[in-house]
Structure formats: C-alpha cells, structure tokens
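Here is the structure we will look at, set down as structure tokens.
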C-alpha cells in the first residue's frame, strides 16, 4: 500500500530500528530531542513486548538496532534485550550518556553481545558539561566510563552536541576525544526539535562560529590522515545555515523505524509532534504499521508535495525537506521546509540567523529538560 501519501513503489524494509526504551533520564540537557510533553506519555513497553518488536522488525528485514532513550541504562532489563537482539542477528549499538554505566555492566553487555557504544558529552570541561547536563560530577563519570568502554575493547563513538555555548572549544573537544581513544568523533551541531527548539534562541551558533568550527575540524582531519591515525571526525551542521533542506531520514518511512517507549511507532524521532495519528505496536503488527498504516504512508513519495516542491527538479534529493521542521515553524506539516530558499516561509530562517547574531539568549536562560518542566508544559497545553 502506498496511498495516501504518494505514487511511490512499494517501500523497502525498515533497515534501521531505533528502540527508545524510556524517556527517563538522569540528565537535563536543554537540547534533548525527546518531546516536550514526554511526561504525559504512557507506560513503557515490557521486556517481552520489546523482544516481540525486535522479532517482527527482523522479519521485515531490519539489520541494525539502536538502544536509546532518554537514558537506556535506567532499564534494568537492558542486558536481556541486548541478548535477545543478538540472538535475532542484529548489529546492536547503545547510545548513552554514560551515567548509570559501570565496568560490570559494560562487561555484562559484552557477554550479551552488544557490538558498539556511543557515549555523549556536553562539553570538554567539567564546569560547562555539568551545567548543561544539570548534574554535578557528570563529566568525571563520563570520562571514567569512556575509558572503561575502550578497556573492554568496544568500538567507541564520542558524541558532542555542539551549540553556541560550547562550539568555540571545538579544538579542545577533539583533543579530549583523541585522549580517550575514540574511534569516531561526532561533532553534531544542535538540531532544533523538542527541547532544542524551545531553547533555539540560546543554542543556535552564529555563522562565524560554525565556519570556524568546521575549518578547525577539517584541519584536524588532514592532520590525522597525515599521521595515519584511524580516528574519524564527523561534523554535522544545522540546516539553519543552508539554502536547501536535508533529505530527512533518507525520505519519510523509507528505511528508519523508531519505536517510542510507549510503543508508538514513528518514521523519525520527532514525528509524534505532528497532527498525524501514528500506530502502536500494542495494537498492530509491524508489518501493518510499516506497509499499511496511515501515518507511515502520509508523506511517502511525492504525490502529497505542494508547490514549489511538486515541480522542483531537486525533489528527488530532499523530498521537500523535514516535515517536523515545516510543522514547527509554519504550523503546516505539508509546507515546504522553510530552510529552502524557495519556501515562502524562508524568512523565518533568516530571522533565526539574525537573532543568533544580534540577540541570543544567555546560558542562564536555557530551559532544562526534566519531568517537572514537562508536566508544566503538559498542563499549559491542556488549559
């Protein structure tokens, strides 16, 4: 089934499955991609329910399984879930803050069959890291766990979400990652969804900051290549400084399948913000969800595209851009992504750039992600 969204051919399998095991998290990062109203979402899937999700997704062709959150380490059944995924033949990776990790759990995960670990940091110094995380001593714990991950022999990605308050320390960030023997360094400039969108005025870097950071990253790439160093640097820019939108997730429901903690199935991490009814694995099979559900077919292909996207010769590359970003900025999920210079709403992006230059919010005004604030947001929306 391809309707209602498009005339596209039958979609391929969901190759990448992301299991958002929980929205619970010990940290309070102001750029978290979790929904603002996470406090209102229902009970988490049980161990047995998650394993059934893994089984069904594997039958559909999923090959890679990421364990995410929130903080997936708060799930006491994580080792069991890893073992079940390994038994089904997945390549598995754990995406974690490192808080709640221990040498014993790292060894336990290795025994269960975990393939890969990504550890996130907030900054390259303890004071800023812990301020952004909303947790004292988080930095010291992260350092210890990154070293323990390497000692266990895992391939390790160190991830830094960069923004206006830490991006100027990009060189120190890279140096720290090399000291910790990272195999990959992901320098991911903040993407503005969830809590990051709420705090955009305090997080969006200036163009000059981004250009400097990218220049330094490229210099380090050249230096490491000349040394024959195996570490790879990945630099992700925000599309707020582009004139064409990103091809979000490689196209709506084309290869990525996200399962939220309560079992809601989504074509991307942020799609539950949209005015679209998405199915739940407690009520439908993954085969039905992926191939036949309204939500997953809503923006597949290109029949749904408005002008100027419909007649644009670039629509096969960007698919009209990000539906979540279009909705966040315009209130219309079908609108052309305002990042695109051809969009009638591109002025919203230009305004955001100007604000980053002229009137950014200070670090002290960032709203931290936590259950109490989420509950306040939920109440305000219901009034």
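Residue 1 is the first one shown; counting continues down the chain.
Just so it is clear, glycine is given a Cβ too, placed from its N, Cα and C backbone atoms.
Annotated [4Fe-4S] cluster binding site per Swiss-Prot: 25, 29, 32, in sequence order, evidence recorded as sequence analysis. Under the heading domain 'Radical SAM core', Swiss-Prot lists 11-226, citing sequence analysis as support.
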Env. residues of [4Fe-4S] cluster site, Cβ within 8 Å of mean position of 25, 29, 32 Cβ: 27, 28, 31, 34, 70, 71, 97, 195, 369
Assigned element (helix, strand, coil) containing residue 29 ([4Fe-4S] cluster binding site), judged by DSSP: coil
The domain 'Radical SAM core' (11-226) [mean pLDDT, rounded to integer]: 97
Cβ packing number for residue 25 ([4Fe-4S] cluster binding site), 10 Å threshold: 25
